[in-house]
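According to TrEMBL, the protein has these features:
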DOMAIN    40-163  domain 'Peptidase C39'
DOMAIN    195-476  domain 'ABC transmembrane type-1'
TRANSMEM  195-217  transmembrane segment
TRANSMEM  223-242  transmembrane segment
TRANSMEM  307-325  transmembrane segment
TRANSMEM  331-350  transmembrane segment
TRANSMEM  445-461  transmembrane segment
DOMAIN    509-744  domain 'ABC transporter'
Amino acid sequence: MVNIPVNAEIQAVPIHAGSAQGEAAGGESTMARTPGGPAEFDKIGPRLKAMLRAARYHGVELDPNEFRAASAVPAAADLSQWAQDAGMWSRAVRIRWSHLLRFQDAGPVVLLFNDGGAALLTGASAERNVVFLKSADAPDDGEAVAIDELRLSQVWTGEALLLRTTRSYVAADAPFTLRWLAELVRLESHALRDITIASFTLSVLTILPPLIVMTVVNKVLQFNSISTLVLLSAVIAVVFAYETLLGHARRLIINVVGARLDTKLQLHVFSRLLRLPLDYFERHPAGETMYHLAQVYRIREFLTGKLLSTFLDMITLCVLVPVMFYINAALAWIVLACAVVIMLIILAFLRPLRRRYQRVVDAETWKSAALGETVVGIKTVKALGLEPQRKALWDERVAESGKARLAFGQLASWPQTLVTPIERVMVLGTMLIGAYLAMNDRTGYMVGGLFAFMMIAQRVAQPLVGLARLVEDYEEVGAAIGEAASVLNRPLESSSNSTGLRPRLVGEVVFSDLTFSYIATKTPALDRVSFHIPAGSMFGIVGRSGSGKSTIARLLQGINRDYSGFLKLDGVDLKEINLRHLRQGLGVVLQDNFLFRGSIRDNIIAGRPGLTLSDAMRAAHLAGAQEFIERMPNGYDTYIEEGSPNLSGGQKQRLAIARALIHDPTILILDEATSALDPESEAVVSANLMRIASGRTMIIVSHRLSSLTECDNILVMDQGKVLDVAPHATLLERCALYRQLWSQQNRHLDGRHGRPVAVPPRLV
Ligand SMILES: Nc1ncnc2c1ncn2[C@@H]1O[C@H](COP(=O)(O)OP(=O)(O)OP(=O)(O)O)[C@@H](O)[C@H]1O
């Protein structure tokens, strides 16, 4: 690693050969991949450190756990990708000394060193011919060291990483609006420029055939000029060949632009969807969300289809309209007048059409919600024989949407009906008037001109009508943008995944005077709740149904953050902690856990980087799942379908526990995780609880008091308030509600219905 002495003027830079290599290889790659354990600043290698500091200067907190290295020593490209993934603008560049001298007041630039180290370039002085470097380890207020070209060249690879916050609207946090879409299109300006040039050229070429026809009629036919005919044939052949090639190239570019826009839109939509708060998904049916998001495809089709083709048609118009006036001004005015009338008709229908279309959107939303709900709840539908009711609901929703579509279609056909005769007048009317004018023309040139005009008028009519229709289509797309925005523009879970503190988590939890109410509820779910969970302890939460147990677990996961009072994790306010960092330190097992389609191994690893089969086996062993997995035909490669129908409830639950344990979380929350298990499965999980708990804070929410007796402390909740916190034995003595719950659950073991005699299961 290159050590840059603090408070030193120009001096030799000592190099500890190999040390950084080792640190980078050992420190970065293992830390970056260590399951769960948040990488600590001190333990990561110099290149990551330098990047963290440079990003911090721009207000962005990079996460070392998200760094993906292709090689042991982090390469410039990987580092740059890391910053880009966090939403920053970053480039890995190879630059010369003379360029370094230009970084006088820019933000820090990361310079990579030959030995795997790195430093921050914080400024430069062209007069003194030095740059100012700071070691990645130097304190924030430490002075930078002036280094000259010779000394830097001994250690520097010539590579630098430039970073800044992105200024583009096409950023992950930007709202989904027309402006955002326009910016998305603008980013394709090179391709659009090429398309425009090609279209303009093609438009110019379209003038030639009518002019040639005019010449053939006026000159060749009238004067029998064979040589002119031959020349015109040659021109036509060249024009056609050129037109064909250019048309092909234009289609190719349009295709590429379309695919790129499509990809960007889809990536953006999905990344925003994932960052919506859980609250949103709890309040909106899955079908509704999916329908709204499906509207994004209509927007994309509009952008790359109608909008683009109308834009190209406009180029054609700009070229053809002057030619039309050149050939015959009177006829040209007739065409323009017709176009204006068409435009007025379509504009008159816009408002009523918008209203009817809104009804279609509403009906479709309800229809999709019913479909989604039925698919998600199909087990309940079948079990309770609710098919007729669901069918009746579906029939009703389909009828409503059919009615709305019919009403819209009927109204939408009116402008079409009114526009068609005017379109005909535009073409045929001009022909008749043109023929009349030609008959009275004494020059003899009018006939050829009329042919040419007819050919051009046909080409002009289409774009003019298309332009009018674009306004109508825009209404629909405006509605589609509104629908997609109604999902995508909700407040996100955190302003950005790249902000917030990333403290080292130990597992101490403190609730102090915390009050929380769910939206649109009157009574608080938690009312001035205060308690303390020491790091590494086992903490139980009990209480009647609705007393606020799961709400405590939700707040700990940062699902809801709008509470009053304090919730601190290792002394840091939870609201200040980076959400992704927080959840990486947590493991959560719920009563009903969703397993994804894929192998058992994939489900346990759940796509976390750097984890292998042996990590999955270790977690499965800890969760008591190893034995049944090994008995399965394909062991860890056994395929699980969506919703895991081929696993029992107990097996599913143990897999979920293994999945929560694989990244070695600092805090493990079991929210009614064993409540629905059969006694045998529960016994297996309980038997492993102590082993699972070792080295971490365990929070167990449970109705079954017998599974909490080994806890260091048990919190008794009632109607959102803390009733008591104490170990099992103490609670039995002093907490009436706890005693009552205990005796209710163990009545069968105690004939006297009084003092508990049940022996809780031993946890081993
Ligand atoms: N998403 C939500 N939106 C609105 N209110 C909610 C929501 N979740 C819970 N509540 C309300 O908050 C209160 C506490 O609920 P919570 O789920 O925390 O209780 P609990 O003790 O875990 O209950 P149970 O043991 O039945 O799971 C209840 O009155 C419940 O109706």
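Heads up, the Cβ atoms here are built off N, Cα and C, so glycines get one too.
In TrEMBL, annotation is done automatically, which means it is predicted and not curated.
The DSSP breakdown of the domain 'Peptidase C39' (40-163), given as helix, strand and coil counts, is 39 helix, 38 strand, 47 coil. With a threshold of 8 Å between CB atoms, the same-chain residues lying at least 6 positions outside the transmembrane segment (307-325) that come near it are 195-196, 199-200, 202-204, 206-207, 210, 254, 257, 331-332, 335-336, 453, 456-457, 459-460, 462-464, 466-467, 470. Here the transmembrane segment (445-461) has Cβ contacts under 8 Å with residues 206-207, 209-211, 213-219, 316-317, 320-321, 323-324, 327-328, 331, 335, 338-339, 423, 426-427, 430-431, 434-435, 437-438 of the same chain, all six or more residues outside its ends.
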